[in-house]
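All remarks here apply to the structure that follows.
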Amino acid sequence: MIDVNKFESMQIGLASPNKIRSWSYGEVKKPETINYRTLKPEKDGLFDERIFGPTKDWSCACGKYKGIRYRGIVCDRCGVEVTSAKVRRERMGHIELAAPVSHIWYFKGIPSRMGLVLDISPRALEEVIYFAAYIVIDAGDTDLEDKQLLTEAEYREKKAKFGNRFEAKMGAEAVKELLEQVDIDKEVHDLKEELKTATGQKRTRAIRRLDILDAFKNSGNKPSWMVMDCIPVIPPDLRPMVQLDGGRFATSDLNDLYRRVINRNNRLKRLLDLNAPRIIVQNEKRMLQEAVDALIDNGRRGRPVVGPGNRPLKSLSHMLKGKQGRFRQNLLGKRVDYSGRSVIDVSPKLKFYQCGVPRPMALELFKPFVMHELVKRGLASNIKNAKRKIDREDDDIWDILEDVIKERPVLLNRAPTLHRLGIQAFEPVLVPGKSIRLHPLACEAYNADFDGDQMAIHVPLSDEAVAESRLLMLAAHHILAPKDGKPIVTPSQDIVLGNYWLTQAERGREGEGMIFDSPAEAAIAYANGDIHYHTRIGLAADSMPEKPWPKGYEHGIFVTTYGKLVFNQIFPKDFFYINDPTQENLTHPVDERYFLQPGEDIHEKLDNMKLGKAFKKGFLSDSIAQIYKDYKVQRTSDFLDDLKELGYTVCTTSGLTIGVEDIPTITDKDDIVAEARKKVDVVSKQYRRGLITDEERHDRVISIWNNCKDIVQNEIAQIHAPRNPITIMADSGARGNISNFTQLAGMRGLMAAPNGGMMEIPVTSNFREGLSVLEMFMSTHGARKGMTDTALKTANSGYLTRRLVDVAQDVIIREEDCGTDRGLTVHAITEGDEMIEPLFDRLVGRYTSKSVYDPETHEVICPADVLMDEDMAHKIVDAGVTEVTIRSVFTCNTQHGVCKKCYGMNLATGDDVEVGEAVGTVAAQSIGEPGTQLTMRNFHNGGVAGAADITQGLPRVQELFEARNPKGRATISEVTGEITSIEEDPAEHTRQITVKGQTDTRTYDVPYTASVAVAEGDHVVRGDKLTLGSIDPKELIRVRDALTTEKYILSEIQKAYRMQGVEIADKHVEVMARQMLQKVRILDPGETDILPGELMDIGEFKARNREVIISGGIPATAQSVILGITKAALETNSFLSAASFQETTRVLTDASIRGKNDPLLGLKENVIIGKIIPAGTGMPVYREMEPKVDVPEDEKKKSVYSIADIEKKLAAADAEKDKGSAD
């Protein structure tokens, strides 16, 4: 076998007939498969052992030679080589065809490759290949033309007239002869000459022909190889035949398709031997052609060949295509051993880096390790006994299992794996039962809950895998989300509820105003029942000397609650004391107002003081982020476990419950509803009198009821009691919100109708009163719509993620610094008056490209080439700076990836990104994972004239990434200048906007309905909107440049996501947008050998031009183009990656004609061939590192060798020995 980790690249090409014969181990002459009685393969058949190798290991077919000692011998009786049966997976056969047959990919694809080479229309070609017309091969001295088509009647007539002075044939042999006649060099030269003058359709056709002919010229493929004289037969174990229980056989469809080819081929041979009439032979040749077409791509032409039950047979092309094809099913999605799956369950006792593995599961997964250990400890005499011991589940195996799983992390994965946190490593802990136990804080990253979710478990085997799992994948390291750098490990539900209740304050609780010397003293008072968690107490600051206190108050007494004191004890000792749930308190000591002034009475102070706020979910998340920033992984992990423990304990002991009495009632609900009904009656009257349209009536009714619900909601908010358990749940962020509360205590309001609108009849009851039957029925529509929307959204979002991953999978951090001098100027993104993304968010984690100066003092706040952390970003924003030039992925010069400086910080760690990080995949996951949170709806304007329908949510994101023409497209100016006039044209129902530029004046016709975004006298720049709506990126790149287009895509994607409350860092969107603008289209090739109209990588384009300029030639010119992500993924340099994405046959057809070479730079292509991916520890930089052992001098003398030393010694000893024997 070839070692996949050794080769650099992989090439694809057309196979010549001789190449096919050289692969083959013999010709398949008969359509038989296996003998129905003996079940042995038939001689010369599709499973022949003489051709494909023995069916049993180390044994010939007749049994004369058995055993590995006869390896390589060919049996003289049955002719079968004695070898491993594995060869039946790699040995090919072939079928010698009685007549040439065209390959359907090259004649039927779009564009038809054969048609372009011969300059014949695909329809004419089809007539020739399928024996409907003759084609003139050599016109001789007659009045016929070369490649002219003749019908049967015309052919006879010309034959009678000219005899043998011309030659015309039909079928694939005619095409083959024509292809052999093509002089590629001459054709290429002629076409290049033609291009100098040609225009329009002629030029387009010439460019397409030149492209194909040039591909043949450069690749060394011969055009005549598109027609086959013999076809390969794939190894039999790849098209197996298996016996089913009832003695029947199940076989791969390929065997049926091969049998048809062989049958027709043999019949044709026989007819040719018999000198059968021409018409019969032609018919048989046509049938052979169709049989080969069906084998290669069934259904591409005409009706597909069907098997039993009218099911189309799966041909070779279908074996590669689609989700169930070879690429996606077996190469990119292999099943692995040492894995299991089970239902998950919560275990609050685990540490953050642990998971519970059921005993029987652990025993099965770690079986080889346990067996090894049993033998090593002498508890079993050999492996077989050890296995028996495990199967019997003897008592002594459990201790060994405990020892074996120590220090061996396992990976847990939950499908769908939407981002890289969907697979994390944990240390296994043996638990009883059959369910996998998960830590409650790990749920957020997995999006797991315990209503029956299942998870898969995997065991890393090699030492390297174990080390990577522990160092890179351990759950305790994954505290920040890669998409925005905020903690993903957020406490929820009980933990939030417990900590909120713990930190609440109450007036007049027992022991209020007691002053304690130390936390221990307060704990005793609590244990004795003298104070409560909610009691406000005084505490001496010097009892916690490690903590930072305000200057001058280090020995003072400050006011807190006992609950907050307990909460603070889980923080690091030298962290600030947290008394207020504010960002200020996380970074500064306690506010001075909490301290008692000398001689001040604590009771008086408490009476005048507002109650401190309790700590909600958001604040807990902020404190996790702050601790991570200050103390890094280990301490944060401990803090999270303490937070969890405290939350659960307090929540359990607090006695928080819900009963129906906790749902308050409001007295005047009926009056509010009656008032709304009156208003609705008024509106209906207006409609009946014809004063308003039906649409207006509907909108007004909806608005009245929404208003009514808001009034009820506000009343409920007013009667919120801070001690009410439901209020506590909603306010703390543990579960529910005010809207749920309104439905319980107020009214449900309007329901969604099945058509997507709103029903005019509201549900006026609430859940406490109970709904009427009609109201219940109306509610079901909304519920169903919610479910269907979610299901559709998941599919759409998943497909978007797949396309994003595919287009960016080869973007890897490849170097430290690309040395670019360009940068991206960023400012806050706004929409009207609304802030979409503040400048601060755009600066954190990025390098400055130029120094940042204070706008007033002009001092340098931040020099160039510095990574901005949060403190620096705050400093810049607080100084009043509105725009900063940063290093950006857009302007990075690195080929096939990005450099560290242009990318900036790795948001998941808060440190510099490392070389080898697969930032493309991370970006795709970060954009795709929140896709399900976006809405599916296109918001319509409710009939308000002027505003175009705007697309939002997921459809808008897809529209941008696919670079489609947007809905509600804005007209943009193509010149920089002034708006001289805006005139209406009533006849045409349009407005005319005139822009006067420096050199020319442009007039734009816009429809009446469009809202004009400019006024007369306004100054506009190229690419500015003249009407409201979305800009078409393809137009923008034509009018402006690539960078402007990239900036537009970035800001629009951010708008789509942030409107829905989803935060994604800019850099992820930048990586995607850059991939869409990687190509240029050649306008004029200059003196390069590039073809006009060709798409090529910017990097390659620059390299080609550099060569020409150095040699003093004229460089090529090109224009930037924007490709949608699907198109960009298919245009990648790797044919393996493109073929495994979509349109497999088209990609492979094109790649083989061009003789493409896949440089294996991305992740997918390496996964496909089974090579280690070139990212992370798979980067060449890391793979070439050698571990260096530092040994003190005196130790060295004690003959401690590294393996390398031993190998050197052995080699030297061998050399000595050889030398001695030579002498």
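Placed from the backbone N, Cα and C atoms, the Cβ positions cover glycine too.
Here the structure is a predicted model, which means the values were calculated and not measured.
Neighbours of Cys60 (Zn(2+) 1 binding site), defined as other CB atoms within 10 A of its CB across all chains, total 24. The annotation Zn(2+) 1 binding site is assigned in Swiss-Prot to Cys60, Cys62, Cys75, Cys78 on the grounds of sequence analysis.
Spatially close to Asp449 (Mg(2+) binding site) yet at least six residues away along the chain are Cys443, judged by Cβ distances under 8 angstroms. Secondary structure from DSSP puts Asp449 (Mg(2+) binding site) in coil. The Mg(2+) binding site annotation in Swiss-Prot covers Asp449, Asp451, Asp453, and the record cites sequence analysis as its basis.
The feature Zn(2+) 2 binding site is assigned by Swiss-Prot to Cys818, Cys892, Cys899, Cys902. Cβ neighbour count for Cys899 (Zn(2+) 2 binding site): 21 (other Cβ atoms within 10 Å of its Cβ, all protein chains included).
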- Message: What are the sequence-distant neighbours of Cys62 (Zn(2+) 1 binding site), meaning same chain, six or more residues apart, C-beta distance under 8 angstroms?
- Response: Cys75, Arg77, Cys78, Val80
- Task: In three-state terms from DSSP, label Cys78 (Zn(2+) 1 binding site) for me.
- Result: coil
- Surrounding CB atoms that lie within 10 Å of the CB of Cys892 (Zn(2+) 2 binding site), all protein chains: 25
- Note on the structure: In three-state DSSP terms, Cys899 (Zn(2+) 2 binding site) is classed as strand
- 10 Å Cβ neighbour count around Cys902 (Zn(2+) 2 binding site)? 31
- Query: Cys75, Cys78: which of these binding-site residues has the sparsest Cβ neighbourhood within 10 Å?
  - Reply: Cys78
- Item | Cβ-Cβ neighbours of Asp453 (Mg(2+) binding site) (radius 10 Å) | 17
- For Asp451 (Mg(2+) binding site), the number of other Cβ atoms found within 10 Å of its own Cβ: 7
- Note on the structure: If you measure between the CA atoms of Cys892 (Zn(2+) 2 binding site) and Asp453 (Mg(2+) binding site) and round to the nearest Å, you get 43
- Message: Given the binding-site residues Cys60, Asp451, Asp453, find the one whose Cα is closest in space to the Cα of Cys899 (Zn(2+) 2 binding site).
- Response: Asp453
- Message: Around the C-beta of Cys818 (Zn(2+) 2 binding site), how many further C-beta atoms are within 10 angstroms, looking at every protein chain?
- Response: 18
- Proximal residue to Cys60 (Zn(2+) 1 binding site) among binding-site residues Asp451, Asp453, Cys818 (C-alpha distance): Asp453
